[in-house]
Amino acid sequence: MGSKTFEGEGQRGGNDPSNSTSPNSAGGEPRGAHLSRDGDGSLGDGDGDDGADGDEKDGAVTTTPLTEQQPSSETTSKKKKRRKPKKKISALKQSSPPRVPLDDLFPTGQFPVGETHEYGSVVEGTARTTSEEVRYLSRNYLQDDSVLTDYRKAAEIHRQVRHWTQENVRPGQTLTEIAVGIEDGVRALLDNAGLETGQCLQSGMGFPTGLALNDCVAHYTPNPGQKDIVLQASDVMKVDFGVHINGWIVDSAFTMSFDPTYDNLLAAVKDATNTGIKNAGIDVRISDVSAAIQEAMESYEVEIGGKVFPVKPVRDISGHNINRYQIHGGKSIPFVKNSSQTKMEEGEIFAIETFGSTGRGSTVEGFGVYGYGKDPNAPKKVSSPLASARSLYKTINENFGSIVFCRRYLERLGVERYLAGMNSLVNNGIVEQYAPLMDMKGSYSAQFEHTILLRESCKEVVSRGNDY
């Protein structure tokens, strides 16, 4: 999920992975899919010989010693009873649409490790200071095996759900169908419907599913009261969704197109994201990562309708670090060169993402609302003359906390007549409202994103798959 930056402020308006793109974006078997087919090797009867008994071996010949008494003809004429081979228990595999809980596919609780990169040598003059070491002590959760397990499980769910999305989403479907399909898949694999009080805080969507088309760069999701949009064969669609377990959010995004015209646009943004991942690390200045991203993206151009467009990095959205239950943690990674001296630090979690556009490369807020997010520093209770505001705030605290949510999620919980209360919370700065972000009409934009963990010994691209 892109973080809006301060440089600028509805929908359709007018280890070195390959950068090649296919007509429907980055398809392919997700990392760990073989494990989900095999049930991580722990299911089955354990015979390993398709029903052979005891020490019988396929192709083995048994002989009778000459000194042993030979059986009578009557004995030999009797038909020897053959034992029925044991039925082999078939390994579980993921269904389509994905509905098998991930814990059933990985009964040992061990999930695929993300792609790991060793750190390069530390640049002289950028070694950690004492204050940074103190900050690290307050966020050493990546040393906790349970946190790593939560992250890897959430990442595997993301891979399996996006694999289904890439294989099944086609023009002619509505954006509501697509969003609900993704979200139903995530909840099914988590084995948590999220309908009881507090369940959404245990696990669920990390933020509303983003389905931004063409000149809508980011922050669009179908919501009640809006006209539903039908996906067209000429559309370029950014698919951005998050999965959280115990507040640890995996944020990953990809772009789908159905026309090879846009292949170079997708390739540019994928290359820029992978360049950002390659350059990220402990003690690295964010400005250096930004400069590398810009250089990679601007080396591409795309021809549309006989006209050549440079691929421009979008200047007023950025990558970001992630805190527990907080998708935007405070640090930003712009896609253009800057003079910031802020560094990445050990123990931090980053969403490395890039957006590229054939338009201006900057955005304005569009019509409508994408979602809402409670201020992490907001009080536990609010005093408001509106009973609807007080009731809504209680619902937000019990079900979302500081996780970004949308109107669809409220109505799924059965919340009614909440708009006046929501407006009150927004106007008082307790809840932030997010609008769609638009580039110029007629332009096209793409996005790719991964979540990386800056562990002590390596950076782990936890959301990496065989697709992107």
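Glycine is treated like the rest: Cβ placed from N, Cα and C.
If you look up Swiss-Prot, you'll see His219, His328 marked as substrate binding site. Taking Cβ-Cβ distances under 8 Å and a sequence gap of 6 or more within the same chain, the neighbours of His328 (substrate binding site) are Met1, Ser3, His320, Asn321, Ile322.
DSSP classifies Glu449 (divalent metal cation 1 binding site) as strand under the three-state reduction. Taken from Swiss-Prot, the feature divalent metal cation 1 binding site covers Asp240, Asp251, Glu449.
The Cβ of Glu449 (divalent metal cation 1 binding site) lies under 8 Å from the Cβ of Asp240, Asp251, Ser252, Ala253, Phe254, Thr273, Gly319, Ala351, Ile352, Glu353, Thr354, each of these being in the same chain and 6 or more residues away along the sequence. Here Swiss-Prot flags Asp251, His320, Glu353, Glu449 as divalent metal cation 2 binding site, drawing on sequence analysis.
Residues or ranges marked as compositional bias 'Basic and acidic residues' by Swiss-Prot: 1-10 (among others).
Annotated compositional bias 'Polar residues' per Swiss-Prot: 16-25 (among others), in sequence order.
Taken from Swiss-Prot, the feature compositional bias 'Basic and acidic residues' applies to 31-40 (among others).
The compositional bias 'Acidic residues' annotation in Swiss-Prot covers 46-56.
The compositional bias 'Polar residues' feature in Swiss-Prot is assigned to 61-75 (among others).
The feature compositional bias 'Basic residues' is assigned by Swiss-Prot to 78-90.
Swiss-Prot lists 1-106 with the feature region 'Disordered'.
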Task = Tell me the Cβ neighbour count for Glu353 (divalent metal cation 2 binding site), meaning other Cβ atoms within 10 Å of its Cβ, over all protein chains shown.
result = 30
Which same-chain residues, if any, lie at least 6 apart from His219 (substrate binding site) yet have Cβ under 8 Å of it = Met1, Gly2, Gly210, Ala212, Tyr370, Gly371, Tyr434, Ala435, Pro436, Leu437
Message = Cβ within 8 angstroms of the Cβ centroid of Asp251, His320, Glu353, Glu449: which residues besides those meet this for the divalent metal cation 2 site?
response = Met1, Gly2, Ser3, Asp240, Ser252, Ala253, Gly319, Ile322, Phe350, Ala351, Ile352, His450, Thr451
Ask   = Including all protein chains displayed, how many Cβ atoms other than that of Asp251 (divalent metal cation 1 binding site) lie within 10 Å of its Cβ?
value = 29
Ask   = Which chain neighbours of the divalent metal cation 1 site, leaving out Asp240, Asp251, Glu449, have a Cβ atom within 8 Å of the mean position of the site's Cβ atoms?
value = Met1, Gly2, Gly210, Phe241, Gly242, Ser252, Ala253, Ala351, Glu353, Gln447, His450, Thr451
Task = Would you count the other C-beta atoms found within 10 angstroms of the C-beta of Asp240 (divalent metal cation 1 binding site) for me?
result = 27
